[in-house]
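> What TrEMBL shows for this protein is this:
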| type | residues | note |
| --- | --- | --- |
| TRANSMEM | B:27-45 | transmembrane segment |
| TRANSMEM | B:51-69 | transmembrane segment |
| TRANSMEM | B:76-92 | transmembrane segment |
| TRANSMEM | B:104-123 | transmembrane segment |
| TRANSMEM | B:130-149 | transmembrane segment |
| TRANSMEM | B:182-200 | transmembrane segment |
| TRANSMEM | B:232-254 | transmembrane segment |
| TRANSMEM | B:266-293 | transmembrane segment |
| TRANSMEM | B:313-331 | transmembrane segment |
Amino acid sequence: MQNRIAQGIRGLAVAGTMAFALTAPSIAAAQAEQFIPLLVYRTGSFAPLGIPWANGKLDYLKMVNERDGGVNGVKLSYEECETAYNTDRGVECYERLKAKNGGGSLFDTQSTGITYAVMDKAPLDKVPVMTMGYGRSDSADGSVFPWSFPMLGTYWTASDIIVQDIAKKMGGADKLKGKKLALVYHDSPYGKEPIPALQALAQKYGFELMALPVVAPGVEQKATWLQIRKERPEYVILWAAGIMTPTAIREAQATGFPRDKMYGIWWAGSESDVKDIGAAAKGYNAIAIQGSADRGKAHDDILKHVYDKDQGSANSRDEVGTVAHTRGMMIQMLTVEAIRTAQEKYGKGKPVTPEQVRWGLENLDITQARLDELGFGNLMRPVKTSCADHMGSSWARIITWNGQKYETTSDWYEADMSVVNPLVKAGAEKYAKEKGLTPRDCSKE
Amino acid sequence: MFYRENGQFKASYVEDQRIFKVQQDRVAIIAIVAIAALLVPMLASDYLLRALLIPFLILSLAAIGLNILVGYCGQISLGTGAFMAVGAYAAWNLGVRVPETPLLLQILAGGACATAIGVLFGIPSLRLRGLYLAVSTLAAQFFLDWAFLRIPALTNYSTSGSVSVGSLSFFGLPVESAAQKYLFCLGFVVVFAVIAKNLVRSGTGRQWMAIRDMDIAAGVIGIRPAYAKLTAFAVSSFIVGVAGALWGFVHLGAWEPLAFGLDRSFQLLFMIIIGGLGSIAGSFFGAAFIVLLPIVLTNVPELFGLPLSVDTAAHLEHVVFGALIVIFLIAEPHGLARLWSIGREKLRLWPFPY
């Protein structure tokens, strides 16, 4: 304290202005808080998904501040930055927020393009990047990607789980042999990412994979669906985003393809994708990250501590409990738990640096008991990360649109790691070679 | 008062052919380059360099390239983004396949490939004019976008079609920190701006302008339209390709074809229209207007402590930015460069205008 006063006096004497004295307290105040940067897209063509997602992220932070007074007494501060799903803007946001207020704890970029652009910068800046359910699938290998965390699943685990559910509906994995599955995908890195996994699965189970690209933004799909009508695949896997999803469902309706034989990836499985179609989308399936279509105690806490006090981020309370909003909450819950884990090692009740948050993310161990305590007991399965496994778990369930809302319609599935792991390993090795990186030795940590 | 050229006589042809004929201009430009090269990297923050100045420099370079084609030779192109992509992907492919290649050579080779593709797509310009040419260059944009998405060999069979570069070094010097990257880009921009300025003052540049002003008359006085148009496409694509390689390597580090989509082509075209067609300085003004202004605008509400939500700020930014474009184009249809030169003329005559 004395030091600061001395500094203040010196500052006044040297500079002869009030500026220093005014800024000094605000620096001190910022240090007692944990800063979480929020990259969001509330505008642009993907905004219908981006808004509830961003609100979920924001609401959970508000709730933790309100209910628990932060993490062990350290308040969470945050700032949103609008990317409009644009990579240039995303990079600008990342640069703006990475060193702000003592360092951005971690970045959830909400975009595959921004993830790829930020991923190579993050190790130099020592900032972790968490890409829950998207990201770069091979970054699950923490020995090559120490700063990337594709928590709870990647596109490759999702592909495997969708195929598992299809196999179950057909009456066993052996029934897949000789059958045809179509992948209708958004023609971008996002849409292409599942292809290697689905090809590996096709080889394993002996089904034929038709990969049908749709040019972004995906409003023109007539040709694709005519091809589907011609080739008659058993099931269609939809790797869509934004306007592409409702368009695909409408085209499926027009060409008479049964909606209950369609599977969307989680980005094509929120209320905004099907609400306007209503009954015609009935039966449409999507994979949920863990169990994000259900409601848990965490939702009640948000309503009680945030919305009842008129602090809610969404315009209406009804948004709480929607798939995208819950997903935002889950991301933020993992963030907060990573900060808590880091605090346990580096000092409780003190803000942690981004580098320490990385340690927290890598040593996360959320048990079922802890999940129940947090109010996510029925939404998620336990998560445990390690140096070698940055994904933590790959549990997921299938949800189905019943005309009014999503219902969970399957049991828990876990991805078949004998399919996914070789791909992750190969991808990570290739990346390490291209970049000239030496992977960490995880057995020594 | 300070901008008076009395007593500055041109005593030799060399002096008469200077780029900056007024001494004050020469001093100013040397001072600007010196500040940009020495003071800015020392004083500017990481954010300022990485998020604002590096993109500004690279897009200025691309705008100079496009300005040669559109502003000086009068051939409208909507394929600039694609030519940038060619530069980036060609440089990247060379680096992946022949890892020993030095960075400078990779980037220049990217430019060379873009030249070849640019000339190829410039061939229709021998028969087409105006809007029809614009549509044919649009084909380049669509075709190349398709190629980089669809031909796996071009992305070295990357699973997602996204590519990334490792750590960069320039003849043993690392290009890692923001200041190093900034200086690296600045070097390219200064060298190419000087080359471009001299080219447009040369015989070739005069041929381009003759073609732009009236191609039939140019043909009558003995200018070969095919040669003039194709050299414009070649030079323009080279510079644009180099800018593309820098954008991928230095600014983004990892990219997908979307980074060089049609939006980028439009963005560059707007830059030179707002900055000033047929002006090297205009390319810089335009790039500053399009790159820096939106970011400044989004940060304005926060600076004043206004509690605006990010989406409102984003919408507001679009409104203000759109309005400014309209206002500037009404005030001066020839672009910011023309406003600048009017201002300069007034200064030269001040305080006794006639």
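Backbone N, Cα and C define each Cβ position, glycine as well.
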> Any chance you could find the range in B:27-45, B:51-69, B:104-123, B:232-254, B:266-293 with the most Cβ pairs under 8 Å to the transmembrane segment (B:182-200)?
B:51-69
> Using a Cβ-Cβ cut-off of under 8 Å, list the residues of the same chain that are 6+ residues beyond the ends of the transmembrane segment (B:232-254) and lie near it.
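Residues 54-55, 58-59, 61-62, 64-66, 68-69, 72-73, 75, 77, 80, 83-92, 103, 106-108, 110-115, 117-119, 121-122, 125, 162-165, 168, 175, 181, 184-185, 188, 192, 196, 199, 208, 211, 260.
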> Six or more residues out from either end of the transmembrane segment (B:313-331), which same-chain residues have a Cβ under 8 Å from its Cβ atoms?
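For the transmembrane segment (B:313-331), the sequence-distant neighbours (Cβ-Cβ under 8 Å, at least 6 residues beyond its ends) are 270, 273-274, 289, 293-294, 297-298, 301-302, 339.
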> Which stretch, B:27-45, B:51-69, B:76-92, B:104-123, tops the Cβ pairs under 8 Å count with the transmembrane segment (B:130-149)?
B:76-92
> Who are the long-range neighbours of the transmembrane segment (B:51-69) in its own chain, taking Cβ under 8 Å and residues 6 or more past its ends?
40, 44, 75, 77, 80, 84, 178, 181-182, 185-186, 188-189, 192-193, 196, 199-200, 208, 232-233, 235-244, 246-247, 250-251, 267-269, 271-272, 275, 277-280, 282-284, 286-288, 290-292, 295
> Can you tell me which parts of the same chain pack against the transmembrane segment (B:266-293), counting only residues 6+ beyond its ends and a CB-CB cutoff under 8 A?
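Cβ under 8 Å, 6 or more out: 52, 55-56, 59-60, 62-64, 66-67, 70-72, 77-78, 80-81, 193, 196-197, 200, 209, 212, 321, 324-325, 328-329, 334-338, 340.
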